Amino acid sequence: PTPSCTRPGADPGSIGDRNPCGEAGPQPCARKTALPPPAFDQRMGFSAGCSRCCGFPAGGGEQQKNPSLPQWSKKMDFLLSVIGFAVDLGNVWRFPYICYQNGGGAFLIPYTLMAVFGGVPLFYMELALGQFHRTGAIPIWKRICPIFKGIGFAICIIGLYVSFYYNTIIAWALYYFYSSFSGTLPWASCDNPWNTPACTNYFGRSNVTWTNFSRSPAEEFYMRKVLEIQKSGGLYDVGGVRWQLLLCLFLIFTIVYFSLWKGVKTSGKVVWVTATLPYVVLLVLLVRGATLPGAWRGVIFYLRPDWGKLLSTAVWVDAAAQIFFSLGPGFGVLLALASYNHFHNNCYRDALITSTVNCLTSFLSGFVIFTVLGYMAEMRDVEVEDVARDKGPSLLFITYPEAIANMVGSTFFAIIFFLMMIMLGLDSTFGGLEAVITAVMDEYPQVLAGRRELFVLGLITVCFLGSLSTLTYGGAYVVKLLEEFGAGCSILAVVLLETIAVSWFYGIQRFSHDVKAMLGFTPGMFWKVCWVAVSPALLAFIVISSLLDQPPLMLFDYQYPEWSISVGYLIEASSFICIPFYMVYKLVWTPGSLKQVRSRVGDPAAHAQAGSGQGPPLGSAQDQGWGAGQMVDAT
């Protein structure tokens, strides 16, 4: 039955009246009802304006009755999607390097503290916001604090920048994956056309001396065969496009498109493979690494605490930056994924589970990496520190493949290792692009409703074209530049403003009441203090430290010219500047007196009440009668 508003004592079965939607039944109440935004009608599957005039309740339990509203088929679809996004390539290459660089086992203390007081609270906040308001990163600000809507646009731009370079790294992994299907791995020897006289293979040879000019077969394969970086003169001359990498990237984006084109119904099934397979591979590689000669040397080097490092401010900055980038608040992904949840889903428990899994995965990856580094140090007869200098993609494309090439069963381990990298990368890409898709489609439902497949195709095409510069001979230089400035300090500043907008402008009490409406309990004092003070303070500390400490940007032996750093700052500013620009636009173009304008651009009440997507409080009489189609006052 169509929900209607019937005054007490009125005959609910009156015949002859038609409500404004043209449906038989009683007229709606004359009470003033706040109108939900158009995006709400589209996501709820109602015809334009129907929810406005008929008094449909907003979101919550209504989604269960309406099959047209996208929703996760299973709870595990959501959990695996969140875990898949949070656990990415950075967990494998960034955490182990940062850990040993900042005191080994001692680093776990600042890392854990930053996770508890900074990362997890913001992770929880974003899941709760997305689940309560049931919309993407752009329109959600109409219901929180309209003047901060520029944050949503900034998030989408950052998401595009990340897609320009991140998928190229996955394409490199796909190239390695294809190259692994051979009896002898192509990076196992120096007997290939791309090798130089500097190529030195020391494995299994006792009379080989490793010098500063020596290059391993794996290093030359990566630089001279995969990248062909020797054909580039730097950013001044990046050269032509590598057609092999172009084909690999095309295949990656094809997979991404067919995983996202139908929304969570398709991506929720794909993550059962892409999010679980990496854990199987990690365990296999851990067992294999633990059996290698010298593995114990790597583990000791990884965990040996250097307590003096804890007195360094840089260690705490690295710990905070690592946890924020790893968990991923601020990218809009958690908002988007949680917006497809049941209204009363326990997002508090989900936040604790997924963030814990993420941190433990980073810690486990360190053992996988350092058992192999210990093995390499044993073979080279050097210290582990001497073979642990590579970081970032070099760790995954040079150091680890070099060790794999000299294992028994090298082909098998190479195949599963690069398959794991592809899966880890795809999961993060799914989340990153879904954030952009949900945000834009919810913001412009009149144009994009029913056209998801076409919009996703257009977005994938833009990402593919934007990635072309990273596929050139000097593409690795472009990847490094985008990695540093595309989502560096700007995303941290966005998260800072997001936290301030929710905690200070929307109000911590109002947000706590929203959480109680969903979960049946109010967040404790610990969470409120973190949201209001601790997390913003940590983020401000990281942003200021990052701006004050800008080391020279280098890749291999190439130092980036000054003009490229200026370009990087422009890239960084191009996303963040959306926030002040939108504030000025909103203040200038909103009609009314100064007092009225200030109220309209800062007060979410007119937007948040009926259009928030909220359901009835858990366990209330309204909640119990929700499924029967009874009218619930959305305000």
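Counting starts with 1 at the first residue shown.
Quick reminder: no glycine exception, Cβ is built from N, Cα and C everywhere.
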Listed co-binder of Na(+) (same site as Gly84, Ala86, Val87, Asn91, Ser326, Leu424, Asp427, Ser428, source TrEMBL) among Asn167, Asn345, Asn346, Asn358: Asn358
Distal contacts, the transmembrane segment (529-548) - CB-CB under 8 A, six or more residues away: 114, 117-118, 121-122, 125, 313-314, 317, 320-321, 324, 488-489, 492-493, 495-496, 499-500, 502-504, 508, 511
Fewest other C-beta atoms within 10 angstroms, as judged across Val87, Cys190, which are the recorded positions: Cys190
Whole-number Å value for how far Cys199 (disulfide bond) lies from Ser428 (Na(+) binding site) (Cα to Cα): 35
Neighbouring C-beta atoms (10 Å sphere around the C-beta of Ser326 (Na(+) binding site)): 22
Alpha-carbon spacing, Gly84 (Na(+) binding site) to Cys199 (disulfide bond), which is rounded to whole Å: 38
Stretch among 78-96, 272-296, 316-340, 403-426, 485-508 sharing the most Cβ pairs under 8 Å with the transmembrane segment (352-377): 272-296
Site with most surrounding Cβ atoms, counting all protein chains shown within 10 Å, from the recorded positions Cys199, Leu424: Leu424
Leu424 (Na(+) binding site) versus Cys199 (disulfide bond) - Cα distance in angstrom: 31
Alpha-carbon spacing, Leu424 (Na(+) binding site) to Cys190 (disulfide bond), which is rounded to whole Å: 30
